[in-house]
Amino acid sequence: MTRRLIPILVLGLLAGPVLAGVLGTLLPALGVTGQPGAFTALLNWPGLPRAAGLSLGTGLAATALSLALTALILAGWSGRRGFGVIERLISPLLSVPHAAAALGLAFLIAPSGWIMRLLSPWATGLDTPPNWLILNDPYGLALTLGLVVKEVPFLLLMSIAALPQTQPRRSALVAATLGYGAATGWLKTVWPRLYPQIRLPVYAVLAYGMSTVDMAIILGPSTPPTLAVEVVRWMNAPDLSGRNVAAAGAVAQLLLVLLALALWRLAEMLGARLMASWTASGTRGHRASRVISLAGLGATGLVAGAIGLGLLVLGLWSVTRRWHFPDALPAEWSLRSWHSQTSTIAGLTSQTMLIAAVSATLAVILVLASLETHRTHPPNPRLRPFARLLSYLPLIIPQVAFLPGLQWGMLQAGLSTGTLAVIAAHLVFVVPYVYLSLSAPYHAWDSRHACVAASLGASDRRIFWRLRLPMLLAPVLTAAAVGLAVSVGQYLPTLVIGGGRVQTLTTEAVALASGGDRRVIGVFALVQTGLVALGFALAIAAPRLLWLNRAGMRHGQ
Amino acid sequence: MDNEMTKGLQLNTLAVWHGTRQVASLDARIEPGQILSLMGPSGVGKSSLLAAITGTLDPALRCTGAVLLDGADITNTPAHLRRTGLLFQDDLLFPHMSVGANLAFGLPATLRSRLSRRERVDAALDEVGLSGFAPRDPATLSGGQRARVALMRVLLSEPRALLLDEAFGRLDATLRAQVRDLVFARARARNLPVLMVTHDAEDAQAAGGQVITLG
């Protein structure tokens, strides 16, 4: 009977801190803590309309663009031969942390960035960096681009996981025999069934895009910044009134996200109607299919290029001694940045690894226990959508809206804000992603193996340890690597719950971003990425080595 | 309790339900060494009945009636304590284990000594003409070889009844007859009651026992 409680426990672990944190944010914002006027102060801030508009605009634009590019890539290429390449690109692209991807993009597109250097002076005629606001532009275009580049791989991964349930091959075949172009047929037959499956991840993308702090600090405008960044600034204010304004701003951010979700829902309904009438029109879209395939290729190139070239330029800067504008490459090379940072890196890396390894391991154990319990004691199907929503709560409620409240509540309760608290806070974000990555392979496992084993006299426990876990080793390790990546990438939870005293590679890289030395930034961003990439590499290599002599374990991995 | 009357597999109006709808029901008695063939088109709940007997019924379904094995009521016994051996259409050898490890997985844990466990595995392989196959990767075996390993794996678990769920459905005609004869012969040699689910009249004919058609 106690095992039945595990999923409820996990849900409580996910939703509890979020709900408590929102409450802890609401109380000071509403003046319950004895400092009224927080909302008045917020409304009197002249930057508010612009900051709120930026959050709304960049979030909605980034989500719409990411979704559109994902649809183009899938429509143009899924089920075709080139898709294997795209699938293989997803994990490495996902493994680049948000901060590193943003820093790489910044080093590419800045007025003194690599692209401008490669084009100067022969194409632009410039000998000094132009005075343009390409980076940190007031409209948040660079931020939007950064979000798109990071979110397309995520949405692709979610879509590919959900695709088999929509039986795309059969639909594609039927559409083709009815004379539809490949991509058009896919959009008309598969997409309407795929979208509901990835709806919650899309909502998470929207909420994240509107409230991200680290990417907005690196790529977003500064006067005023997006609302989330301003809230964090207020939070760090020395006086208590600043903190109350921060709480009011966090509540405003939450309302803004809810407004955006409502707008998105409306757009979904409108989109469904447009799709339906387009589908009913019977247009076969032969030329459109070719355009879509090309556009999909372009989207893949944009995303992979922005992240790949970004990493490359980060790497170049990390081994640069002198790199004059507009030279295409550094004039003098040096490993000095690596040498001078060795001890700092060692300390930050071990701290980052400790937090990530513990939270990823705990998350995998919790998710496995949850999935195994769901199998043996299936939950009431009517409760399933509710549970699904609750488990997504940490991804949909913006971090700035509940982390300050959580920190405040923890301080009130006398809990420390050290490494342990940070691990617990990371767990809230790691568990949903581990669940996302593990639940499909877990359910896809051929349960007849379990039936056979039971008839051979094997208990549930023996089936789990001897069959299920070893046969699912590859997805379990991948899920652990995903968890590791999520933890390594966390900026705000580390900053807020750590009380500013817990430093990781990510907090350091973001702290350096404004005005820091590009060479040092390159080092930190690369180490951060390398850590995550190492996790994915191990997750891919270990099962292959272990099952080297087991041909039956190779396909489907 | 243990007299001749109660030996074998007895199903007392065993019925599988989905909510209030009856999926299938069966009332039968199978003597040791006898084969009962259960026939009928797909989708009439033949496999669900087998799952009810082995205790691996989908949680969305439930069963009523009683399953008696050698006189003992096992209707509510956990699956792994029932000793009802099961063979599927696919051999379902565990792909991450060697052939020998697959067979050892079936051996009761009460057989402690490593040497005697290995001897039992080797003897089982000898019995079906696969001597020396223990270290092999199951994926490198032919369909017929894999079917024989699956059979010996279930027999090593010392079941008291054998259930066949379209067990020969994936084999081509000549292989099918060979494997079928082998399974029937081994089951008879161990005096096991056999319940065979099939949609192939030839299987039922070869079994030579009682035939019940569902649906």
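In case you wondered, yes, glycine gets a Cβ from its N, Cα and C as well.
Here TrEMBL flags A:48-264 (among others) as domain 'ABC transmembrane type-1'.
Among the features that TrEMBL reports, domain 'ABC transmembrane type-1' is placed at A:349-542 (among others).
Below 8 angstroms of C-beta separation, residues 83, 86, 139-140, 143-144, 147-148, 151-152, 155-156, 159, 163, 182-184, 186-187, 190-191, 194, 202, 205-207, 209-211, 216, 220-221, 224-228, 252-253, 256-257, 259-260, 263-264, 289, 292-297, 299-300, 302-303 of the same chain, each at least six residues beyond the ends of the transmembrane segment (A:52-77), sit close to that stretch. Sequence annotations record features per position, and here TrEMBL assigns transmembrane segment to A:52-77 (among others).
Annotation comment: TrEMBL describes A:98-119 (among others) as transmembrane segment. Sequence-distant contacts of the transmembrane segment (A:98-119), counting only residues of its own chain at least 6 positions beyond either end whose CB sits under 8 Å from a CB of the stretch, comprise 126, 129-132, 134-135, 142, 145-146, 149-150, 212, 214-215, 218-219, 306-307, 309-311, 313-314, 316-317, 325-328, 489, 491, 506, 509-510, 513, 518, 521-522, 525-526, 528-529.
Sequence annotations record features per position, and here TrEMBL assigns transmembrane segment to A:139-163 (among others). Note on the transmembrane segment (A:139-163): residues 54, 57-58, 61-63, 65-67, 69-70, 73-74, 78, 86-87, 89-90, 93-94, 96, 98, 101-102, 105-106, 109, 190, 194, 197-198, 201-202, 205, 208-209, 212, 215-216, 218-221, 226, 299, 302-303, 306-307, 436-437, 440 of its chain, located 6 or more positions outside it, place their CB under 8 angstroms from a CB of the stretch.
The transmembrane segment annotation in TrEMBL covers A:200-219 (among others).
The annotation transmembrane segment is assigned in TrEMBL to A:245-267 (among others). Through the fold, the transmembrane segment (A:245-267) approaches residues 22, 25-29, 38-39, 41-42, 45, 48, 52, 55-56, 59-60, 63, 202-203, 206-207, 210-211, 227-228, 230-232, 234-235, 237, 396-398, 400-402, 404-405 of its own chain, all at least 6 residues removed from its boundaries and within a Cβ separation under 8 Å.
For A:291-317 (among others), the entry in TrEMBL reads transmembrane segment.
Taken from TrEMBL, the feature transmembrane segment applies to A:345-368 (among others).
According to TrEMBL, the feature transmembrane segment maps to A:389-408 (among others). Sequence-distant contacts of the transmembrane segment (A:389-408) (same chain, at least 6 residues past either end, Cβ-Cβ under 8 Å): 10-11, 14-15, 17-28, 200, 203-204, 207-208, 210-211, 213, 228, 231-232, 235, 243, 246-247, 249-251, 253-254, 257, 261, 417, 425, 428-429, 431-432, 435, 492-493, 496-497, 499.
Per TrEMBL, the feature transmembrane segment maps to A:420-438 (among others).
Annotation comment: TrEMBL describes A:471-492 (among others) as transmembrane segment.
Summarising the annotation, TrEMBL assigns transmembrane segment to A:520-547 (among others). Nonlocal intrachain contacts for the transmembrane segment (A:520-547), taken as residues 6+ away from its ends with a CB within less than 8 angstroms of a stretch CB, comprise 91-92, 95-97, 99-100, 103-104, 107, 311, 313-320, 337-338, 341, 345, 348-349, 352-353, 356, 473-474, 477-478, 480-481, 484-485, 488-489, 505-506, 508-509, 512-513, 553-554, 557.
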Comparing A:291-317, A:345-368, A:471-492 for Cβ pairs under 8 Å with the transmembrane segment (A:200-219), the winner is A:471-492
Near the transmembrane segment (A:291-317), which same-chain residues lie under 8 Å Cβ to Cβ, leaving out any that are not at least 6 residues past its ends? 69, 72-77, 86, 89, 93, 96, 100-101, 103-105, 107-108, 113-114, 145, 148-150, 152-153, 182-184, 187, 323, 329-330, 518-519, 521-522, 525-526, 529
